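The structure under discussion appears below in the form of structure tokens.
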Amino acid sequence: MKYPTIIDSLQLFREQDHPLKAGLDPKCRSTKPLCPDSFAKVMKSIDTFIFDADGKLTCVLWLGESVMPGSPRLIDYLVKHNKQIIVLTNNATKSRAVYAKKLAKLGYNSQKMNKNNLVNPAAVVADTLQRSGLDGKRVYLIGEQGLRDEMDELGIEYFGHGPEKKQEIDGAFMYDIKLEENVGAVVVGYEKHFDYTKMMKAANYLREEGVLFVATNEDETCPGPNPEVVIPDAGPIVAAIKCASGRDPLTVGKPCTPAFNYIKRKWNINPSRTMMIGDRTNTDVKFGRDHGMKTLLVLSGCHQIEDIIENQMNERDDMVPDYVAPCLGALVPERM
């Protein structure tokens, strides 16, 4: 996939046959294209901007280990106009502190884009557990370092992460398994060591009604450097435990409500004066639409104009953005 430079992005607006020039499609007139002038007008009615960020092909603030061209300039532009900035990712494998270091390394404004301006499912999970009142009970954790770091910060005791010890099994099935006592919650996210033993343990802990079932996100796949290789995300792991336990989790990541509640509580945002910006219609746009925010889809990543049209034709208005732009850099005037 070729990702547009700022020059490429601005050129899109000059091409007569580009869908943005014509206003997308007759069936998609509700989505408006943005350029620097029109964005400046829209910006007057917005106090808070929430940005998606992460992924090797999720191209909003960065692309893999490289900054998305023009994105830091937009952040500086918003800061200059006293806008509140929040970064919201669905990746729970890293903590907010790790993301903050990455943003600083990539040249983003460290005063406005630090740990205190970041939200990920790991932080929301830890907050959810703390607010639920575990009363000294432990958490069975299927997840990576980001979850552990955020739970450590709030003093939440957990176990189960990492590879399971190999067990000798007679026959085709495991008929018994050793379980820990005093378990108050099962937390499930992406983990590369997930296996049958972990699934069996989680399902058995969840037999107890009082044990919470919390999931980071239910994304089916995650992006990688080779588009020909499917990389399962947390979704298939969560689905396996849902199926085995017969229980539905409280999922905290986009587009679900716990992430919104976390942001609303922490920053006291006014949804009608907030804009969600991302590159996915099924997570970013839906999250914004479901919670009363304005939405902007950037075409520098996953979903394109064809996806907007398909959602509109399938009457999925919750996944149709208010606005669209080639990339963040295309929204910044030449002179800030």
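Even glycines carry a Cβ here, placed using N, Cα and C.
All TrEMBL annotations are machine predictions without curation.
Counting Cβ atoms from all protein chains shown, D52 (active site, nucleophile) has 26 others lying within 10 Å of its own Cβ. If you look up TrEMBL, you'll see D52 marked as active site, nucleophile.
If you look up TrEMBL, you'll see D54 marked as active site, proton donor.
D52 (active site, nucleophile) carries neither a helix nor a strand DSSP state and counts as coil. Per TrEMBL, Mg(2+) binding site is recorded for D52, D54, D279.
Residues annotated as substrate binding site in TrEMBL: K254. Residues near K254 (substrate binding site) in space but far in sequence (CB under 8 A, at least 6 apart, same chain), listed by position: D52, L88, N90, N217, T283, D284, K286, F287.
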- Note on the structure: Around the Cβ of D279 (Mg(2+) binding site), other Cβ atoms within 10 Å, all chains included, total 23
